[in-house]
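Visitor: The following block contains the structure, expressed as structure tokens.
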């Protein structure tokens, strides 16, 4: 049996191929690796696929067969034309002939008919590329139009109808994953005056009249002096950069951050409601297989790009770093590294680390079946006795430490020898899998274990760490710098739904054997990673574990499932955008929780309508929302008046959200102006004041229904109730120590999930209390619209 031949071996760190070592005392060791034939074949095939997709994207939306037919027809026309015809003696043909002679100096030795066919072929292709470049310019201009975004759902106009028709014609059919990347518009820098006006409007409901006048004076001084100069440099950057925000945002907000990323930056994704198998190893194997199939579709660009309203493409650049990506610590700044040819998992089981191959040896592209992966994981589990205690059991705590501390430990303990080789296995893995013996049932417990574990059994640097619990539940811990939550949400939604559609498990919960299963095929061996565990390394890990334990003890999480009413009731009864309605509820809850205060509130919005766009901040506290909350707590105000105030607040919120999606927000513009000011050595009291104000309520809505697979599940009647497919989403830690982090999901028609986090050390916050205030706010608001 194949499973009987799967064994765990000690990892020696040797790569396949021949190594030629040149090493002298006092010199740097140089290693030459001659890859094996199978590795060479893999590399060649991978590059061929890449070139094929690149060419297809360049000529999109013209299908390759059509492009080929055009070339063949032109070759036939030119080859059969007389010497004195237009095809042979036009200005274009003259240039083609001379350019060809320049690049092919031996052209005279080539048969003339063959040379004419060659010149015609490349000229036809070049012309097609030029034509598609013009097509891209037109499409980019059309995609830069934002009028459609400001219309209510199902509302239209003649302009929008004409625009949509042109998009459909020029958008083509069956695009590859990255077909629209070169057609996406670049984000423009908003006018400085408009941004400052929006900022002043956003802080008006939050400060006293005296404070408002002080800030107004700072703004006036900034607009008259440093502001225009900084704006000019920022506009200059926007002319040559793909996105004038994203590189600085990634660098300064994420990679230069020195605090722990365990709770302060990473986030978690919960298991879906439906658990197709309670067998831990089988479920882990099934999800791993689905994740790898997703990766293969992505690598081959078979994953359709996300389209808003089925029409407008979003930037897909963040998807390139889902797999095989690790955040490497630096003393001053971290960096993201993607390993291009990863074919293994790094698996943590009861404190031990293993390298688990995912492809059959010597056969490019043959991914192990879910059944085979389960046998691999069984071999790993059998090598780890529950009662054994290994010295490296808390190794992951190093990744939970202050980033500079982790960088120093990495340089000290992992710069050479077996530790360096073993660490590279983890960092270069496609992703990390943790086989956790815990059996969390309550949703709060699941969230806590996913975001921090015990502090030492997660690898927080990896793009994502998949955690498989002993009861078959599977969730993820996700590093934040490489992409934003909608990307991971899309991945998990597709993987979860395809796991159901593919019927991967038998009646006993084990992975089914594939139809092509062979008993005489040997599985690639798993290897246990070895470590040179010194007393100093042990002390460093223990210190990191102690710091992680303190952070874990202070982390307060409550996940609220509000099932009394949801999206349908909000849209039909309240006649309001669900997101605007929930933001009003959050402000109302915060007002209750803090006994009558408003705070600067963060709501994340995406800017992926633009090339390399990431996020922008919606500032949801407005004069209108403040008036609504105050009306809710004033018993003398009628419900009719409250409804009118709520609708006004909802409209104001929608405009803010649309502005943010359109690149007309406040905070990213101010952030980039501050980056320029620091680089130029210009002091700006206004920018310092604006960027130092805390976000005591940080919120984010999680997307759902990014695929249409749930409709397929419903059509096939695989589940009696498709609401079982719902994933409650995920959450993150509070941004301010004395504040709250609230991630929410509008799931299905009637479910609302709120992931509420806070820090116990603040002494003034309580996630449970906030959850109860939020539930009360939602109940009171429903009563207003039901009156």
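Cβ coordinates are placed from backbone N, Cα and C, and glycine is handled just like the others.
OK, TrEMBL features for this one:
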- 480: active site, proton acceptor (ACT_SITE)
- 189-775: domain 'Choline/carnitine acyltransferase' (DOMAIN)
- 58-80: transmembrane segment (TRANSMEM)
- 92-110: transmembrane segment (TRANSMEM)
- 116-139: transmembrane segment (TRANSMEM)
Visitor: Where else in the chain does the transmembrane segment (92-110) make close Cβ contacts, counting only residues six or more beyond its ends and a cut-off under 8 Å?
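Guide: Those are 86, 118-119, 122-123, in sequence order.
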Visitor: Please list, in sequence order, the residues in the chain of residue 480 (active site, proton acceptor) that are at least six apart in sequence and whose C-beta is under 8 Å away from its C-beta.
Guide: 254, 261, 265, 266, 267, 732
Visitor: Would you report the average pLDDT that the model assigns to the domain 'Choline/carnitine acyltransferase' (189-775)?
Guide: 95
